[in-house]
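Asker: The structure that follows is given in the form of structure tokens.
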Amino acid sequence: MIEAPEGLIIVDTGESVDQSRKVLAEFRKISDKPIKAIVYTHFHPDHINGVKAFVSEEQVKSGEVRIYAQETLLDNVVTQGSLVGPILTMRSGYSFGVALSDEDKRDMNAGLGPLAHEGASTFIAPTDTFRDSLDTTIAGLKVQFLHVPSEAPDEIVLYLPDNRVLISAEVTQGPTLPNVHTLRGTKFRDPVVWVASLDKLRAFQADVMVPLHGQPVSGREKVEEVLRMTRDAIAYIHDQTVRWMNKGLTPDELVEKVKLPPHLAGYTPYLREYYGTVKHSVRQIYQGYLGWFQGDPVDLDPIPPAEKARRLIALMGGRDKVLMAAGDAYLKGDWQWAAELSGYAIRVDHDDKLARDIKARSFRRLGYASMNINWRNWYLMSAMELEGKLEGDVALEMSRRVRAAFLSPDMLKNLPARIFLQNWVTRIDPEKSGDVELALGFAFPDIDEAWTLEVRRGVAQLKSGIDPAVPLRLTLDKRYLDTVISGENSLLKGALLGDVKVDGNLLDIKTFLGCFDFEDAPIALTVR
């Protein structure tokens, strides 16, 4: 909360309405001034989902409250969980330890701050956006906005020149080594760009820095020190990874070679590996520059994992000997080796209870020993999967809960029809559509948009507009489409009840819709 002369500015709105109402109650103990502006520093759910705890859509529509963000934020919000939504939500559940027991969460935090709490997610689109920078006055206070891509591509910071205060968003991630790569999966986070953004923050020479995770930093020299050490750590990881890449080292070799020097590794707490790690940052840097192929042609067309495991087990004397060795490694505290050995047996037989038990126990040991919260969560969630506690409806329910945070009903209102239909392209099932050549038009009169989705023998293409020669057409309001996306309704239900107007042969439309795979099946990440 920034208390300006004429009102309040709220920078980021928390992970849910429930939690943010508690925050607002605390703010109201300090000031009863009206809220004049909201700032979204970037599109991640824990920074935007609680907005309606602070303001209403009516206040924003009337102009009473302005919402500031970088110009790409809205696109990022509506696309973050769409194209790769099913796998991203499952992986996010593992990263955040969503299904862990209270016992496994006890005394834990999120690595960069307190654990997030589930609750109602809301969203209101920005009213004021900019590309690179914006100098303005909000509620009588001078504010300088600056776009600084780093932890997110749309990251922005605020500088209050009259107070010499820098609100650094997640360019600094609080008391932890920054997460140059996130295990849940994101597009390449460029360390060079991140370092440049940190240098832009240093140029402010702020007296106080307020990160969106972690404690404020006071004193110009201390602010400079934290920013400099953070940029040097990221630069060191990047530069030394590239240096050794250029000598031919591969990811498995790089992670043993690239380590922070003592003056950086020991800079507590800001560079401790609570959230990011050097090892998984190194791997993504290699991948970002060179891709998956490491140079050994044996990887071009490898033996399938299950067959490879079968051959290795035979070479090692059979399943029993392999699992005896895995059990022996576990008892000796060599948990990584125990997990790897038992994994071969699981590759051959997913229902091998002894192998799953050894691997689960090994992962629990590795998780409890890990200082990094992301690694810990992945180990323990994977152990749950191996123990049979994260299957079927349980896995689907967890995925649904995560999806609700990434794509709430308010966000769906802002999801363009184009994005929704474009997702169909990657849902086409070649077995069902191999002999089909049909096109279906989608008309949305309330937003004056029309699109055509064409199926051509296993390939789908989305086109703008509807050619008069296309005989099949669905006409519906975008408002109704929003309820289809949320799962409240369906196109078939709309056709039966009159919310969707159907033109063309119903059997052809049924054939067309049958070309796509919309089944949400549980995804196993560890038992493979």
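For all residues, glycine too, the Cβ spot is worked out from N, Cα and C.
Given the structure is predicted, the values throughout are model-derived calculations rather than measurements.
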Asker: Of HIS117, HIS213, HIS238, which one shares the Zn(2+) 2 site with ASP46, HIS47, GLU170 in Swiss-Prot?
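Answerer: That Zn(2+) 2 site, as Swiss-Prot gives it, pairs ASP46, HIS47, GLU170 with HIS213.
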Asker: Among TYR270, TYR274, TYR275, which residue does Swiss-Prot annotate as binding sulfate at the site that also has ASN179, VAL180, HIS181, THR182, LEU183, ARG184, ARG189?
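Answerer: Same sulfate site in Swiss-Prot: TYR275.
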Asker: Can you pick which of GLU26, GLU57, GLU58, GLU151 Swiss-Prot lists for the same Zn(2+) 1 site as HIS42, HIS44, GLU170?
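Answerer: Record source Swiss-Prot; matching candidate: GLU151.
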Asker: As a test of the contact definition, list every same-chain residue at least 6 positions from HIS47 (Zn(2+) 2 binding site) whose Cβ is closer than 8 Å to its Cβ.
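Answerer: Counting only residues 6 or more apart in sequence, the Cβ neighbours of HIS47 (Zn(2+) 2 binding site) under 8 Å are ASP12, THR13, GLY14, TYR40, THR41, LEU212.
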Asker: Within 10 Å of the Cβ of HIS181 (sulfate binding site), how many other Cβ atoms can be counted across all chains shown?
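Answerer: For HIS181 (sulfate binding site), the count of other Cβ atoms within 10 Å is 23.
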Asker: Write out the long-range same-chain contacts of HIS42 (Zn(2+) 1 binding site), meaning residues 6 or more apart in sequence whose Cβ is under 8 Å from its Cβ.
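Answerer: Looking at Cβ-Cβ distances below 8 Å from HIS42 (Zn(2+) 1 binding site), excluding near sequence neighbours, one finds GLN70, LEU73, ASN76, GLU151, ALA152, ASP154, GLU155, ILE156, ALA169, GLU170.
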Asker: Cα distance, ASP46 (Zn(2+) 2 binding site) to ASN179 (sulfate binding site), nearest Å?
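Answerer: Between the alpha carbons of ASN179 (sulfate binding site) and ASP46 (Zn(2+) 2 binding site) there are 16 Å.
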Asker: Here are some binding-site residues: VAL180, LEU183. Which one has the most Cβ atoms within 10 Å of its Cβ?
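Answerer: Max Cβ neighbours within 10 Å, all protein chains included: VAL180.
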Asker: Cα distance, HIS213 (Zn(2+) 2 binding site) to VAL180 (sulfate binding site), nearest Å?
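Answerer: Per the Cα atoms, VAL180 (sulfate binding site) and HIS213 (Zn(2+) 2 binding site) stand 16 Å apart.
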Asker: Give me the Cα-Cα distance between THR182 (sulfate binding site) and HIS44 (Zn(2+) 1 binding site), rounded to a whole Å.
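Answerer: For THR182 (sulfate binding site) versus HIS44 (Zn(2+) 1 binding site), the Cα atoms are 13 Å apart.
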Asker: Quick check on the binding-site residues: of ASP46, GLU151, GLU170, whose CB has the lowest count of neighbouring CB atoms inside 10 Å?
Answerer: ASP46
